[in-house]
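Undergrad: Please read through the structure below; I'll follow up with questions.
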Amino acid sequence: MVEAWYMDEAADDPRLPHRAEPARPVGLEQLRRLGVLYWKLDADKYENDPELEKIRKERNYSWVDIITISKDKLPNYEEKIKMFFEEHLHLDEEIRYILDGSGYFDVRDQEDRWIRISMEKGDMITLPAGIYHRFTLDEKNYVKAMRLFVGDPVWTPYNRPSDHLEARTQYLEFLAQSA
C-alpha cells in the first residue's frame, strides 16, 4: 500500500525520504481530497491485467508508453531529473503506473505544504490537472513506469508560478468545494 507523509524543509538530497519530525503521515482519504487517485495493481501482469484495462476504459486512458529512468537508460539523465523535480503543473492529469523500481511524487496540499508520496512497483497514481507537483527518484536511482494519457500524449510542464492558467483555477475551485 502507498505511503505518504508531510515533508521536512531540508534542501539536501531530494532522493532522501525527508519525513517531517514529528512524523505526520498522510492517508489515502487526504490524498483523495486533493484530487490524487491511487490504485495498487499487479505490475507483473500489466500487459494483460483486466483491472488495468477496466481503469483505462473508465477513465479514457487511451495512450500508453513506458519510460525507464536511470543513468544508463534515459538520455540526458541529469537534465531530465532536474526538470522532473522542478515544481510544476500540467493542463491534463498526470498518470503513472510503477512497473519496477521506486520514486517519490511530491504534491502541494491546500496550505501549500509538501506531501511526499512513495511510489513502488504496482502503485498507480493520477494527479489532477492544475496541482503543483514534482517527481524524483529515491536512493535506488531507478524506476520503470507506464505513462498513460487521455488522447494524444502531452507532457508540457508549466513551472510555478502558473496560477493564471485555467487548469490551476479549476483545481483551486475543486479544492474549495472539497474543503
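Each Cβ is built from the backbone N, Cα and C atoms, and glycine gets one as well.
Just lifted these from Swiss-Prot, have a look:
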BINDING   His88, His90, Glu94, His133  Ni(2+) binding site
BINDING   His88, His90, Glu94, His133  Fe(2+) binding site
Undergrad: Under 8 Å Cβ-Cβ from His90 (Ni(2+) binding site), six or more apart in the same chain: what's there?
TA: Leu127, Ala129, Gly130, Val154, Trp155, Thr156, Pro157, Tyr158, Ala167
Undergrad: Within 8 Å of the Cβ centre of His88, His90, Glu94, His133, which other residues of the chain have their Cβ, at the recorded Ni(2+) site?
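TA: For the Ni(2+) site the neighbour list reads Leu89, Leu127, Ile131, Tyr132, Arg134, Pro157.
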Undergrad: Of all the binding-site residues given, His88, His133, which has the fewest Cβ neighbours within 10 Å once its own Cβ is left out?
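TA: So among His88, His133, the binding-site residues given, the one with the fewest Cβ atoms within 10 Å is His88.
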Undergrad: Once near-sequence residues are set aside, which residues in the chain of Glu94 (Ni(2+) binding site), 6 or more away, have Cβ atoms under 8 Å from its Cβ?
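TA: In sequence order, the residues whose Cβ lies under 8 Å from that of Glu94 (Ni(2+) binding site) (at least 6 apart) are Thr126, Leu127, His133, Trp155.
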